[in-house]
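J.: Just passing along the structure, written as C-alpha cells.
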Amino acid sequence: MTCNLKLLAGQKKSSPFWTFEYYQTFFDVDTYQVFDRIKGSLLPIPGKNFVRLYIRSNPDLYGPFWICATLVFAIAISGNLSNFLIHLGEKTYHYVPEFRKVSIAATIIYAYAWLVPFALWGFLMWRNSKVMNIVSYSFLEIVCVYGYSLFIYIPTAILWIIPQKAVRWILVMIALGISGSVLAMTFWPAVREDNRRVALATVMTIVLLHMLLSVGCLAYFFDAPEMDHLPTTTAIPNQTVTAAKSS
C-alpha cells in the first residue's frame, strides 16, 4: 500500500489507493490550470522548473491523458491524409484508410508517456538512495511533465500533412527543441548534484528517447514508402500471344 501511494503522488493520501475517490483526485483540475500548463510547455523559461512552477501544487492525469489521446488521432489521421494527398491524381493509386495506424500510434504514445516516466522515476529513486541531496519527483509529477511536453506535437502532426520533407523536418526540429527543452530544464535540477557523468548521461538519454519518438513517428507515419499506389503487372498467357501473332 505504501509503495502504491508513493508511486502515484505523495501528497494525495486522503483516500485508500483501491478506492475510486483516490484516483478521482488525479483528474481534479480546472481548465485554467490545464491551459496554464500547456502554455508553460510551449514557452519553456530558462531557470524555471516546470514541476515547481506548474505541477507540484496539483499534479494531474487529466491533461496528459487527453493530450496523448489527441496526439494519437492527430498522427493517425494526418498520416492517412498525407498519404492520400501525396498520391492524389495518380490513376494507379487506390486509397485505403489505414485504421491500424490508430492502434499503432496509441501503443507508441501511451507506452512512451508511461513506461519512460516509470523508468526515470525508478532511476531517480535509486540515485537518491546514493546521493541524498538529489531532487525528488513523484511518479505522477514525471508523468505530468512528459504528458504536457507532448502537446507541441499535436499541431506539428497536423502540419506534417504538408507533402514537403524539408518542411516536415523543420517542424519536427522545432517541436523537439521546445519539448526537449522542457524535459531537460525540468530534470537537470534533479540530477545535477549527482556524479557529473551520470547527470549528463541521464539528461542526454531523456532527450535521445524523446528524439527517437518524434523522428520515429515522422518516419513511420509520414515518410514510410506506400505500396498501394504501385501498378500491378498482369501476365499475358502464351496462348494469347501466339494467337495474336498468327492472326
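Cβ atoms are placed via backbone N, Cα and C, with glycine included.
Automatic, uncurated: that is what TrEMBL annotation is.
The following feature annotations were taken from TrEMBL:
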- 42-215: domain 'Yip1' (DOMAIN)
- 61-82: transmembrane segment (TRANSMEM)
- 102-126: transmembrane segment (TRANSMEM)
- 138-163: transmembrane segment (TRANSMEM)
- 169-191: transmembrane segment (TRANSMEM)
- 198-222: transmembrane segment (TRANSMEM)
J.: What parts of the chain pack near the transmembrane segment (198-222), using Cβ distances under 8 Å and only residues at least 6 beyond its ends?
T.: 75-76, 78-79, 82, 101, 104-105, 108, 112, 116, 120, 123, 127, 149, 153, 157, 160, 168-169, 172, 175-176, 179-180, 183-184, 187-188, 191-192
J.: So what's near the transmembrane segment (61-82) in sequence-distant terms, Cβ-Cβ under 8 Å and 6+ beyond its ends?
T.: 26-27, 29, 34, 37-38, 97-98, 101-102, 104-106, 109-110, 113, 140, 143-144, 146-148, 150-151, 153-154, 157-158, 160-161, 163, 217, 221-222
J.: Averaged over the domain 'Yip1' (42-215), what pLDDT does the prediction give?
T.: 89
J.: State the residues, same chain only, that lie 6 or more residues beyond the ends of the transmembrane segment (102-126) and have a CB under 8 A from a CB inside it; answer 'none' if no residue qualifies.
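T.: Apart from its flanks, the transmembrane segment (102-126) reaches 7, 64, 68, 71-73, 75-76, 79, 134, 136-139, 142-143, 145-147, 150, 187, 190-191, 202, 206, 209, 213, 216-217, 220-221.
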